[in-house]
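Chemist: Below are the features I grabbed from Swiss-Prot:
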TOPO_DOM  1-36  topological domain 'Extracellular'
TOPO_DOM  62-73  topological domain 'Cytoplasmic'
TOPO_DOM  97-110  topological domain 'Extracellular'
DISULFID  C110-C187  disulfide bond
TOPO_DOM  134-152  topological domain 'Cytoplasmic'
TOPO_DOM  174-202  topological domain 'Extracellular'
BINDING   E201, Q279  Zn(2+) binding site
TOPO_DOM  225-252  topological domain 'Cytoplasmic'
TOPO_DOM  275-286  topological domain 'Extracellular'
TOPO_DOM  309-348  topological domain 'Cytoplasmic'
LIPID     C322  S-palmitoyl cysteine
LIPID     C323  S-palmitoyl cysteine
MOD_RES   S334  phosphoserine
MOD_RES   S338  phosphoserine
MOD_RES   S343  phosphoserine
Amino acid sequence: MNGTEGPNFYVPFSNKTGVVRSPFEEPQYYLAEPWQFSCLAAYMFMLIVLGFPINFLTLYVTIQHKKLRTPLNYILLNLAIADLFMVFGGFTTTLYTSLHGYFVFGPTGCDLEGFFATLGGEIALWSLVVLAIERYIVVCKPMSNFRFGENHAIMGVAFTWVMALACAAPPLVGWSRYIPEGMQCSCGIDYYTLKPEVNNESFVIYMFVVHFTIPMVVIFFCYGQLVFTVKEAAAQQQESATTQKAEKEVTRMVIIMVIAFLICWLPYAGVAFYIFTHQGSNFGPILMTLPAFFAKTSAVYNPVIYIMLNKQFRTCMLTTLCCGKIPLGDDEASATASKTETSQVAPA
């Protein structure tokens, strides 16, 4: 083994020289220079400064404008709530621990930080699954008389939380565990050891199959069918121009969210899978730190994509920020929004 395993941690550094200390008790400056820990803290501060206002604004604008309370937007709001959980439950903790160079909150704090980070990421993933299924039903129409309504959206939101909790909660009750990872300032699932006492191997396999592979298969199936249907409908002109435009814009927004999710989370998942399948291999703390911290940007990019690509929401947001006045040049966006609002598709 090229790392050092303790009762509730695994440090990716050999203790042959006797320098390894518990990441819950002393700074880990033998893993990286102090300035590198400061860079992590600065990065987390940036995510907090960006993540809180933009997600809070998403919630506030939707509450202020009744026309935004559509079934599809329920799922998008669910993402904003999950992102706020990550900001308050995870980012603030990681900022503080990075400034100190070790996880000062102890094993219990590690459990909480790891739980919120995992919960937020899984809610985002399962929300994308629900959005993909919604797009598939609306555009491909496998059930001709089905209309995605408020009750379906609420069930979709509940489903995302149930599945996310099914992934994030087991390590809190003895199936696997949360431990500090990388430079030991943030916590995640234990991919580093088999730890038979907590059946770690079976949980990691369960997580990769049920909470990563299956969602990805569903998402790619839905969008594969969707792309084919959109091309076929465009060729046959089966829908009105307004409806086609609305469906394409909403679909484009959701596809971009999926791509952004993959860009942020695939490096983390790939490195975690490599470490798990190569137990005892030599890897440095930076190898897991960079993808783990990069994955946290998911709390920022979803609302940014939503605001940039959803004309109706953008107009409502600017109206809220400008104290009820529609800014000059947004009349066209407002008109477009009012047209697409009546479509079977959610506003875009």
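Glycine is no exception: its Cβ is also placed from the backbone N, Cα and C atoms.
Help me picture where these features are in the structure shown.
Modeler: Outside the topological domain 'Extracellular' (1-36), and at least 6 residues removed from its termini, the chain residues within Cβ reach (under 8 Å) are 100-104, 106-107, 110, 177, 179-180, 182-185, 190, 192-193, 280-288.
Across the range of the topological domain 'Extracellular' (97-110), the DSSP-based residue counts are 9 helix, 0 strand, 5 coil.
Annotation for C110 (disulfide bond): same-chain Cβ neighbours under 8 Å, separated by at least 6 residues, are N8, F24, F103, Y178, I179, P180, C187.
In this model, the topological domain 'Cytoplasmic' (134-152) carries an average pLDDT of 79.
When Cβ-Cβ distances below 8 Å are used as the criterion, the topological domain 'Extracellular' (174-202) is approached by residues 3, 5, 8-12, 23-24, 28, 31-32, 36-37, 40, 90, 93-94, 97-98, 101-103, 110-111, 113-115, 117-118, 272-273, 275-276, 279, 285-290, 292-293 of the same chain, each at least six residues removed from its ends.
Contacts of Q279 (Zn(2+) binding site) defined by a Cβ separation under 8 A and a same-chain sequence distance of 6+ are given as Y192, T193, L194, in order along the sequence. When secondary structure is read from DSSP and collapsed to three states, Q279 (Zn(2+) binding site) falls in the coil class.
Residues 1-2, 12-13, 28, 31-32, 182-184, 191-194, 204 of the same chain sit 6 or more residues outside the topological domain 'Extracellular' (275-286) yet have a Cβ under 8 Å from a Cβ within it.
Long-range neighbours of C322 (S-palmitoyl cysteine) (same chain, six or more residues apart, CB within less than 8 Å of its CB): none.
Contacts of C323 (S-palmitoyl cysteine) defined by a Cβ separation under 8 A and a same-chain sequence distance of 6+ are given as none.
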Chemist: Going by DSSP, is E201 (Zn(2+) binding site) part of a helix, a strand, or coil?
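Modeler: Helix, per DSSP.
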Chemist: Quick one: among the recorded positions C187, E201, which has the most Cβ atoms sitting within 10 Å of its own Cβ?
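Modeler: When each Cβ's neighbours within 10 Å are tallied, C187 leads.
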Chemist: Who are the long-range neighbours of the topological domain 'Extracellular' (97-110) in its own chain, taking Cβ under 8 Å and residues 6 or more past its ends?
Modeler: 8, 23-29, 34, 37-38, 40-41, 44, 178-180, 184-187
Chemist: Does DSSP put C323 (S-palmitoyl cysteine) in a helix, in a strand, or in coil?
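Modeler: Note: C323 (S-palmitoyl cysteine) is coil by DSSP, not helix or strand.
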